[in-house]
Amino acid sequence: MIKKASLLTACSVTAFSAWAQDTSPDTLVVTAIRFEQPRSTVLAPTTVVTRQDIDRWQSTSVNDVLRRLPGVDITQNGGSGQLSSIFIRGTNASHVLVLIDGVRLNLAGVSGSADLSQFPIALVQRIEYIRGPRSAVYGSDAIGGVVNIITTRDEPGTEISAGWGSNSYQNYDVSTQQQLGDKTRVTLLGDYAHTHGYDVVAYGNTGTQAQTDNDGFLSKTLYGALEHNFTDAWSGFVRGYGYDNRTNYDAYYSPGSPLLDTRKLYSQSWDAGLRYNGELIKSQLITSYSHSKDYNYDPHYGRYDSSATLDEMKQYTVQWANNVIVGHGSIGAGVDWQKQTTTPGTGYVEDGYDQRNTGIYLTGLQQVGDFTFEGAARSDDNSQFGRHGTWQTSAGWEFIEGYRFIASYGTSYKALNLGQLYGFYGNPNLDPEKSKQWEGAFEGLTAGVNWRISGYRNDVSDLIDYDDHTLKYYNEGKARIKGVEATANFDTGPLTHTVSYDYVDARNAITDTPLLRRAKQQVKYQLDWQLYDFDWGITYQYLGTRYDKDYSSYPYQTVKMGGVSLWDLAVAYPVTSHLTVRGKIANLFDKDYETVYGYQTAGREYTLSGSYTF
């Protein structure tokens with residue numbers, strides 16, 4: 001009997017575009033339909049980043065990893081740990097669904113967007129990134145795309161690492177995975193990272209007083225996982241992690257009032273699951289609990305002072321997913337339930353509230369001759385706004401062997417968060433934000449070049465905005481986003497090249513003005529090679545012009561921010577089979593630029609690190 005992976009591989013095409021280092025079309029991904037499938041059978045553009053990629057790039061943050069990927073635009077209010085936003089294909093930062101091991105990241109706060117500057121890079125073993133609508137599979141938020149951060153380690157062993165760098169950066173990490181008998185595996189990790197940072201000098205955006213201090217970041221992380229195989233088909237796991245972060249930043253100064261310029265974030269997450277992995281049928285049941293407490297306070301008064309603010313969120317989820325091989329493809333179905341609660345006294349929500357959501361979904365994948373068809377439909381029942389349905393469909397045609405045309409259409413939405421509904425400025429009558437997206441793409445393998453080019457359009461309605469006059473949130477905005485994305489990877493002798501180009505025209509559909517903080521064009525290029533046992537890497541990124549607001553005076557003025565070209569250089573050397581040393585220069589030519597108006601970036605930075613494995 002043919003197993004699922006073999007069958008799906010057999011029905012997949014020979015070679016299609018893959019952006020990351022591992023360019024095999026048979027690389028398995030789980031994010032598209034919640035179960036493993038060869039990447040070549042996923043019609044949506046998909047990128048996989050491995051832990052080996054992260055180590056080779058010597059990334060010290062999740063944002064540094066994501067900024068290298070097609071369609072991603074990262075903005076940040078300064079350096080490490082400072083507030084950041086992820087824009088995928090021009091959509092809002094709140095239109096990106098971030099998963100941790102397939103479970104929605106707990107998001108505290110009124111923005112409803114993921115700030116991955118706070119998520120420890122030490123936990124990341126793999127990232128799967130899908131562009132385009134995915135609400136028909138996952139529900140709310142998946143308008144621009146899905147980022148699935150996977151913490152599960154692939155190989156046993158122990159690693160001890162340490163790193164130092166500019167701005168008094170230091171990082172110490174110990175992780176181990178051990179086999180207990182033939183069927184049980186234990187993983188443990190501890191990580192400490194700290195930087196004094198630098199002065200982001202956000203004068204004008206923070207009131208009338210400049211705050212000449214270093215804006216540092218401290219993070220402490222613990223992780224543990226236990227996995228057990230009951231039989232060849234049945235397995236289970238228990239997993240938990242937590243991190244304790246402190247960030248200093250430049251806050252708005254008001255004479256006579258405490259200066260809330262310190263952020264303290266506590267986050268913990270626990271999940272357990274049971275999986276059945278048969279030859280034709282797969283099923284999994286996962287439950288999770290997460291709790292985050294996000295304080296902003298004046299350190300002279302403490303985080304429990306009446307002037308401090310607190311965002312506290314608890315999230316409970318249950319997921320039951322199933323997949324069965326049918327013909328040259330599969331059919332999947334599942335249900336997931338989520339409950340989010342806030343605690344009375346939370347900064348943006350005066351009283352305790354909860355929001356519950358139950359979703360049922362159906363997915364399908366099938367190959368018929370030279371055609372591949374993919375579809376999904378989902379219905380969500382939300383305690384705040386009732387029932388909402390989404391769907392998507394894609395078709396791929398291999399018109400010549402190794403060349404494929406893809407067309408897709410999908411709907412998606414963004415649910416309201418508790419802060420927007422019941423916060424100080426909340427509006428309980430808000431509707432969800434909605435999206436309709438079209439995409440057409442060609443991809444293939446030509447003379448050793450694995451390439452893909454696509455064009456897309458995204459119409460977003462009922463966007464939630466804030467009214468300065470009524471001091472309330474309301475539905476009124478509309479956005480029209482058009483874009484082109486091109487990716488390619490190829491080898492020339494010992495050199496490996498990976499390149500992408502993005503053109504994004506993201507506009508307010510009512511006023512025809514550009515959406516803020518999105519670069520209109522981006523070029524990204526990665527060059528890797530090995531010479532005399534040294535592993536070298538050069539990263540280039542061009543960020544095009546973008547617009548932002550100058551909040552130093554009212555009425556706020558729109559400002560145009562120029563483009564910039566950035567270069568990084570990284571090198572690694574294996575001293576022995578166990579010990580590797582690495583060095584990196586980020587922003588090699590020390591360019592001055594901003595991604596958020598008024599907030600400086602770090603300039604040239606150096607890091608030196610070493611790791612010992614056994």
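Glycine is treated like the rest: Cβ placed from N, Cα and C.
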Annotated range (Swiss-Prot: transmembrane segment) out of 45-62, 63-80, 279-296: 279-296
Range among 126-133, 158-165, 422-429, 574-581 that Swiss-Prot annotates as transmembrane segment: 158-165
Ca(2+) 1 binding, same site as Q211, D213, D215, D250 - Swiss-Prot member from D199, D244: D199
Number of other Cβ atoms within 10 Å of the Cβ of D215 (Ca(2+) 1 binding site) across all protein chains: 28
Rounded distance in angstrom between the Cα atoms of Y551 (cyanocob(III)alamin binding site) and D213 (Ca(2+) 1 binding site): 21
Intrachain residues whose Cβ lies under 8 Å of the transmembrane segment (535-550), provided they are six or more past its termini: 56-57, 67-68, 73, 204, 514, 516-529, 556-573, 593, 595-598
Neighbourhood of Y249 (Ca(2+) 2 binding site) by C-beta distance under 8 A, where only residues 6 or more apart in the same chain count: N77, G78, Q82, L83, V200, D215, D261, T262, R263
Cβ contacts under 8 Å made by the transmembrane segment (473-490) with residues that lie 6+ beyond its boundaries: 17-19, 23, 45, 70-71, 89-92, 131, 420, 425-427, 430-431, 433, 448-467, 496-510, 515
Sequence-remote partners of the transmembrane segment (585-596) [C-beta within less than 8 Å, at least six residues beyond its ends]: 74-77, 517, 543, 546, 548, 561-562, 564-570, 602-607
Counts by DSSP class (helix H/G/I, strand E/B, coil) across the motif 'TonB C-terminal box' (597-614): 0 helix, 9 strand, 9 coil
